[in-house]
Structure formats: C-alpha cells, structure tokens
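Per TrEMBL, the feature thiamine diphosphate binding site maps to H36, G84, P85, L86, G126, N155, H231, F411. TrEMBL lists D125, N155, I157 with the feature Mg(2+) binding site. The substrate binding site annotation in TrEMBL covers H231, R326, S353, H435, D443, H447, R494. Residues annotated as site 'Important for catalytic activity' in TrEMBL: H231. The feature domain 'Transketolase-like pyrimidine-binding' is assigned by TrEMBL to 323-499. Taken from TrEMBL, the feature active site, proton donor covers E385.
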Amino acid sequence: MGMAPVAHVLFNKFMTFNPKNPDWVNRDRFVLSNGHGCMLQYALLHLFGYALSIDDLKAFRQVDSITPGHPEAHDTPGIEVTTGPLGQGFANAVGLAIAQAHTAAVFNKPGFELINNHTYMFFGDGCAMEGIASEAASTAGHLQLGNLIAIYDDNHISIDGDTKCAFTEDVMKRFEAYGWHIQHVTNGDSDLEGIEAAIAEAKKVTDKPSVIKLTTTIGFGSKLQGTGGVHGNPLKSDDIKQVKEKFGFDPEKTFVVPQEVYDQYHKHAAEGAAAEQEWNKLFEKYGKEHKDLHDDLARRLTRDLPEGWEKKLPTYKPTDPAIASRKLSESVLEAVHDVIPELISGSADLTGSNNTRWKNAVDFQPPSLGIGNWAGRYMRYGVREHAMAAIMNGLTAYGTIIPAGGTFLNFVSYAAGAVRLSSLSKQRVIYVATHDSIGLGEDGPTHQPIETLAHFRALPNMMVWRPADGNETSAAYYMALTSKSTPSILALTRQNLPQLEGSTLEKAIKGGYVALEDKEANVTLVSTGSEVGICLEAVKTLKEKNVKARVVSLPCFEVFDAQDKEYKLSVIPAGIPTMSVEVMSTMGWEKYSHEQFGLNRFGASGPYKEVYAKFEFTPEGIAKRALLTIDFYKDVKPLRSPIDRAFQQLI
C-alpha cells in the first residue's frame, strides 16, 4: 500500500512495455527485489491487460491460490524473474541491466538504437540488510550501470517490527560509497509530483546507477499503518472497509476497479504496443543494412544456438595426455566462444584457477576505466559468489545471453540461494565449479567439498555434472548449452585426469554409460569424475585376484535418470552387486549401488595423491572394498539392480 503511488507513477509515466507481448526485448524491466508487494504487482498486470483476471486476484487471497505468493517468471505472464528470498531480485536487476548494456553495445548502430530500455527495481529494508544486495550494489556501482534505477522503500519496518531494533545505518551513505546517484523523496505516500521528478532526474544520469530513497508508510491508510502488524498480513474486514471509505470506494463492493482507471492503464498499454510496432519496423530496416547482426539477434531471441556449433566441441582419444577437467573446460570455452556469441563467461575473482577466460576475451567494463568495454564478454564478479549467481539469473532472463560463471565447488554453497532460484525459475545458467574434491590438496578441508554434490543433486531441475575426462567435459557443455530451461553445475578437477578408453561424447550425453564391459563380471564399479580412472585401475588389481569387474561412469544423475529403464538396466544390470566410488558424501548413491565407498567426513590437508591414499581411494583400496562387497552378496546375490528397485518403488 505504501508503494502504490510510486508504482502508479512508474508504470504510467515511465515504463515502456507491451502487455500483448511480454517478451518484447526492448521493454523496460521491473523487479521486486524480494517478491513482496506481489499483490500490487498482480493488480498492475491485470490493469494493463496481461493474462490475469479479477478471478486470479481473488484466488490470490485464498489458501488454494492459483497465483503464487511470490511471483514466478514461468508461471505468470509479465513476471521478469523469480525472486522471493530477500535481495535476490536486487541482484537479478543488476544482471538485467548488465545484459541491456552489453546487448546495446553489440547491436546498436548509428540510426538504429534497438536496445535502450531501463531496469527499475523496488527494494526495502530487508533487502538492504542482506549481503547479496550489498554485493550486487557494489558491482553495479563499479560497472557504472546508468540504466538501473532502484526505489528504496524507506518505511522503517521489517518482520520483527521497527528497524531500530536491528538496522540503523544510513543506507544512502552506503550507496553513495558504492558509486550510486542518490535522491530522497520525503513524502512517498502522496507526493506524486516529487516521485515523478526524482525518476526523471535519475533517467538523466547515465554514468552511474540511481537509487531513490522513498520514505513511505507501510499499510498506508489502514488502522495498522506504520506498524509491523501490517507486514505480510491481510487486513481485517472492518479495516478494509474503512480504507475503502477513506479513498473514495464503496466499502460494500469487492474487487471493483473504476472504468476510468482501466481506461488510463489501457491507454498506456496501447502506447507500449505502438512502441513495439515502431521497434519492429526499425528492426526490419536494420536487417537490410546489418543483416548478420539482425539474424544473430533474431536467433538469440528464440534461445536456439547457431547451427552446427557442436562441431567445435573438442573430442579426445585414449592416447591423448591426462588433463585436469578445469583445463578441459577452458578448452571447450576456447573452442566455442566464437560460434556462440551470446556466451558470456566470468569468475568470482578466481579466473586463473577456474580457467573461465578464453585467450582473446575482452572484459565487460565501463569504457571510462580503460580496461574493457560494454561489448566485452568476460565478467569480473570480484569475491561475490552469491551475487554472481543471482546476476547470472538476471543475465539469462534478459533473453540475449547465456552466462557461465566460475568459483570453487565448495563455494557454490555460498551462492546456494541464487542457485536454487536458477532451478526454480528454469534459467539456463552454467556454474563452472572447479577444485571439486579432496584432489585440490593443500588448501585442506575448508576448501574440499564433501556434501556439496549431494546438496545440489537433490535440487530439482539441476544438472550436476562431474566429468571423468575430455569427452565427458564436452558432453557436459553440450547438455548445459542446449538445455534452455535447466541450469548446470560442472564439478571440475584441479588434478590431471586420463582420457578414458570407453568414453565418447555420444555416450556421455546420456548421463551414464559403461566405461568398461565384462559380461562375466562379479561386480559393477560405478563412479564419477577423477575416481572413474582409479576404478579402471582397480579392475586390473582385481584381475590379479581372479575377480572380474565392470566400470560405469555416471557423470550426471539428472540426465541418466531421464533415460528409459531398459538403457539404465543395461548400464547398471541386475544379478551382480554394484559398488559406488566417489570421494564425497555417499548420500544419494543408494539409488545406483548396493554398497557405497565415499567420504562421510571432512577431508585433510596435503598433496592430493597423499590425501587420496590416506582415505584409500586407490586401486588397492577400491579393490579391497569390491571384494568385501562380492563376499557379502555371495549367499544373497542381488536379483535386481538398484535402478530396477527404484523403478519398482515408483510404480
């Protein structure tokens, strides 16, 4: 209620968009930083003629609402990004603004200003308290994003009540230090002219992002205005009636919108439709003078990749040298960046460790700094893993970019809130997660991920890849780049990995395959990443003991689970025991193996080979446990594979 005046001014006086085509690329973007105030957003969408009815608004108030409490981008037309957790939308907005600046730099030409939209964002005290918003605000200030305008709802209330109990800093001084242009409208409840003037002034500032501090009264007009009691709680019936009377509505009528309101909002919607029509004409003319760029932008907006791009993916033979999968990832980026121009890479201050930068990459930077330009395709996120992930959600939501960003696998956990929203909002984001195990060695347990893969494998709609060699790394990128609505985490090694005899890109894109077959095997060893090669060595150790084994590589659970039952049973068959091998938590491996050999404790500091030996992740250690597994099942031989059991449970 306190933000209704600024929403009215912003949507009617400044924002350009076409409700009949919510995906028009040059529309202005609007983001609610934490998703709260969504009833107001749904009301605005309804008034402008998006596919949202009065019945939807009524349903919003019911327990079995068909409209989500926090807007989700793929569920409701007109919702740009899925926010919800505090501060996420702030960082998403920074990503949208970066995407606009980059896209404009690539495609705008003299006489053809195709891309010139602004990103507007509302945030409150809760968002200002969250670390991710601080990370993102610092990033935006450094990047001088003059196309980003934030409205700070200064109502002094959070869920716990008055902010004087926990939050008494001067927020504007902080933003000024970040490099933002700052303004203050003291009467946000009713000073429509002041609000309009402040937004107009912010639009004139092109060399830095703008924030407008808007002092408002939460629950303005209600009996509980200005108190925590109105935060997130519906008004009581008598309060609703008196609010309606106060603002000139019939207190006995519900969900009634005066026709003049519809007329005004529909008029602005029609103006937006006309603006898109003019843009379409400009784009058509652009195609005659800049055909290649026109065709590239048109293709990007379909989210399809350039035809034949996959032919650039590196492939490997067993005779090729052993290479760390982080270096194999770098080779993929080096090979495909020219043929996938929408691919933007980056790192959270670990470029040299993540290997996320191709040789001739140009940094995305303000030209005034002299270290890059707006058309640059490499992002320097700084030590801001959480903001990086949420910014990438904004980058891909813009519609013209595929972002990849690097950090250590252990620190993807720092970014977990935004990673979860990548999955929930079906964004094509690629997390390049290097230093994936105790194999990183001397950095020790603080950096060695143990539980991380179990966490993210449990996340719906997330492809977690842990490739064992070069072909599997290329397969991981193939799936990550072609999956338009699923994000990916690529867990990559610091240590060198041999190129496997049985691997191919075609096999690996199924998520799991037989790396070494033996129809007379006594046991199946199923593994991922760096341990697949060790399992293959363990087969030789077992052979010396007259025991036969077969090896399965399972680089991606999510993709393997999507295969048909017949294929999965051909990979992990019935009749013999299966043992999983991975230097991480064994949680989740019960689905694919009868016995699990993993690391259900923290790691240790030391050279990686010594650390592997300490925990017996060696051919001899694996062989020893395989023999125990075979012995355990000698009298109770498994008649079904774990895959078959899991399938039976499902049906």
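Cβ atoms are placed via backbone N, Cα and C, with glycine included.
Owing to the predicted nature of the structure, the values given are computational and were not obtained by experimental measurement.
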Please work out which residue of E385, D443 has the most C-beta neighbours within 10 angstroms of its C-beta, and give that one of the recorded positions.
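The residue with the densest Cβ neighbourhood is E385.
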Pick out which of the binding-site residues N155, S353 has the most other Cβ atoms within 10 Å of its own Cβ.
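Within the set of binding-site residues, the most crowded position is N155.
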May I have the list of same-chain residues other than D125, N155, I157 whose Cβ is within 8 Å of the Cβ centroid of the recorded Mg(2+) site, in sequence order?
G124, G126, D153, D154, H156, S158, T163, I218, H231
Select the closest residue to R494 (substrate binding site) from the following binding-site residues, measuring between CA atoms: L86, I157, H231, F411.
F411
Using the alpha carbons only, what distance in Å do you get between R326 (substrate binding site) and I157 (Mg(2+) binding site) once rounded?
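It is 46 Å, counting Cα to Cα.
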Measuring Cα to Cα, tell me the gap between H231 (thiamine diphosphate binding site) and D125 (Mg(2+) binding site) in whole angstrom.
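Spelling it out, the Cα of H231 (thiamine diphosphate binding site) and the Cα of D125 (Mg(2+) binding site) are 12 Å apart.
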Are there binding-site residues among P85, D125, I157 that sit within 10 Å of H435 (substrate binding site), Cα to Cα? If so, list them; otherwise say none.
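Qualifying among P85, D125, I157: none.
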Around G126 (thiamine diphosphate binding site), how many other C-beta atoms are within 10 angstroms of its C-beta?
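Taking every protein chain into account, the count is 22.
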By CA-CA distance, flag whichever of S353, D443, H447 among the binding-site residues is nearest to G126 (thiamine diphosphate binding site).
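Minimum Cα distance from G126 (thiamine diphosphate binding site) across S353, D443, H447 lands on H447.
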